[in-house]
Ligand code: SAH
């Protein structure tokens, strides 16, 4: 009796919701979200980590305004038995624990309810150090989708069979190993959400920043004009917009060549 499987957990939503009248009990309904708003669904053992920093500043305000939505799907209630076990020891031996395929699949099935089946419109992603490195281009393609589902790993990761069965794409935050996918999910959602029209207020700023055209951004300055004997480059105070644009461009090129030979080579190749 105690070894039964938990009923599907109700996803926890952040931000504004559209509530519609329904005869169905809330728990059986697909996750709520603002109609048409971009939506991130996160499958995690630690839903309390969300919205985290995404609830602050511009992303937080946009979340409150319903410009995007965030839904967490807690992995724990899908766990097995009295203790709701979600993990087990690695087949073949070795250190640590692996998230079970059956448990993750049940949570993913819940996450996909009501989501478009077309992966271009709704990618399903496993945060993983083995994945393709996350880039600005990736953030742009995600921002153009209806939403996405992010699966946060813990311990040694997730049973490979569920990744294969769902055709889940693996994406990495960088070449380092964290204890879980939650911080990576927040970083990627932040980068994506700020590209959604209206979130930043000043949309032009996303067109000029680092990576937008393949170069790192020029240095920035603000008042006071002299700080501890250091001046703002005079050209920036000249009022000559053509000169300023040329100076910024030259700085961006020099910085990129010096710091990121990989980006610089790609940029030069594209120009040819
Ligand atoms: N044993 C795995 C690492 C597991 S780390 C390996 O060697 O590849 C535990 C979880 O943290 C991972 O399943 C993943 O979801 C998350 N994680 C750790 N580092 C990450 C990174 N660089 N990018 C994205 N997710 C990461």
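Any Cβ shown, glycine's included, is placed from N, Cα and C.
Quick caveat, the model's predicted, so the values are computed rather than measured.
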Additional site residue, 153, 198 [criterion: listed by TrEMBL with 173, 174, 175, 176, 177, 178 for S-adenosyl-L-methionine]: 153
Overall pLDDT of the domain 'tRNA methyltransferase TRMD/TRM10-type' (41-265), taken as the mean: 97
Least buried by Cβ count (within 10 Å) of the binding-site residues 153, 174: 174
Which listed residue (173, 177) has most other Cβ within 10 Å, given these are binding-site residues: 173
